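Novice: Right, I'll just put the structure down here and ask away after.
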Ligand code: LLP
């Protein structure tokens, strides 16, 4: 459930009217709901309330510091994949002792930053990375807490671009190599083994792949115990899907209950890295209709938002619901909702039934995750503004980019 609901024919974000916000702040515009973010975070936290756990929100989904701060205030941890994300977490008042650092290509500078700040754990993705981390930690006279990310080789049944747990993917350490690399980690002087970790993909709508992965990981944990390697936490990654259209992914409580049951009596702290499930339906992307046009085949709604603002439809053929900020009722027509970018692939939605006129505002739902964070300046389009509503207040949490910011840092030749 989220807090973007119609009151009569007007769409509201909590107690703020969306069309009014669009008029006041301009479009394209991202609008997030604080109450929805909090509700989704608590859905995870309450689901595992009686078991040692840490919810590490995946920063890549939406990294605005106001979003991070709202979650940090609830006691959230964070899953990061870069020094930039770590810096954002700190800027937002997040607790570094609750940060896990994922990603296949951590640089020496990023390792140094994370060791200096003192994070909870590095999710190490290869033998080479482990060796590098050990060298850096030794040089800094620090001990690096690690978990090894294991690729459990299960099919997440999701879009190939966001499936990560198969052998053919670049992520994690192959299960066959896991024991040898754990033994190596045990030998290394400045490495402290904390846990194991896996993340099999994103937008999963079934529970089975999670449980298959868990079974393989628990079997590994048991084998490691026989080798005298004690695992303190199991990081199950993120990946729980959301409803964009008519998908019915398991709710966090059902998902967590299934994992806890599989865990049996094991004394393992559970770490979750949800991104989408917390942020996606806590945000909408609002755009204004510039022109309507039709040819013999199709009707187009040309809007002021584009693939540079919200790339999911273009990149993954993702379907996101498009609804009017003010519902005119009456008869609808079939439109492709397309942006001004010079690419055939620049669309936000195809074949949508809408009753609209130029000047109307449209909301693209489920845009709170992998929306703004994947935005670019392609076609020299300034990035959209971001708002967060909290009851009947709306706060600008990122100003619309100004034209001069587009070439900031660029230089003419002498
Ligand atoms: N942990 C790790 C190690 C990850 O790689 C990811 C996402 C997450 C957690 C969070 O997954 P989530 O709970 O959000 O599914 N841009 C794509 C999604 C890419 C996901 C990448 N990794 C999209 O818009 O669908």
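Placed from the backbone N, Cα and C atoms, the Cβ positions cover glycine too.
TrEMBL: automatically predicted annotations, no manual curation.
A quick note: this is a predicted structure, and the numbers were derived from the prediction, not measured.
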Novice: Which of 262, 266, 276, 400 shares the substrate site with 312, 316, 343, 370 per TrEMBL?
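Specialist: Only hit among 262, 266, 276, 400 in TrEMBL's substrate site, alongside 312, 316, 343, 370: 276.
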Novice: Out of 239, 329, 330, 409, which one does TrEMBL list together with 273, 274, 275, 276, 370 for pyridoxal 5'-phosphate?
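Specialist: Looking through 239, 329, 330, 409, the residue TrEMBL assigns to the pyridoxal 5'-phosphate site is 239.
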Novice: Starting from the Cβ centroid of 239, 273, 274, 275, 276, 370, which together make up the recorded pyridoxal 5'-phosphate site, report each further residue of the same chain whose Cβ lies within 8 Å of that point, ordered by sequence.
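Specialist: Surrounding the site, in chain order, are 58, 60, 61, 202, 238, 240, 277, 278, 279, 369.
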Novice: So which of the binding-site residues is most packed in, judged by how many other Cβ atoms lie within 10 Å of its Cβ, out of 239, 275?
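Specialist: Per the Cβ count within 10 Å, the most buried is 239.
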Novice: Taking the Cβ of each of the recorded positions and counting other Cβ atoms inside 10 Å, which one has the highest number: 60, 276, 312?
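Specialist: Per the Cβ count, the most surrounded site is 276.
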Novice: So which recorded positions out of 239, 276, 342 are up against ligand 1, CB under 6 A?
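Specialist: So the answer is 239, 276.
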Novice: Within 10 Å of the Cβ of residue 343 (substrate binding site), how many other Cβ atoms can you find? Include all protein chains, please.
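Specialist: The answer is 14.
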Novice: Rounded to the nearest Å, what's the C-alpha distance separating residue 239 (pyridoxal 5'-phosphate binding site) and residue 312 (substrate binding site)? Just drop the number here, would you?
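Specialist: Distance (Cα to Cα, whole Å): 16 Å.
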Novice: Please give me the CB contact count at 10 A for residue 316 (substrate binding site), counting all chains in the structure.
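Specialist: Its Cβ shell of radius 10 Å holds 16 other Cβ atoms.
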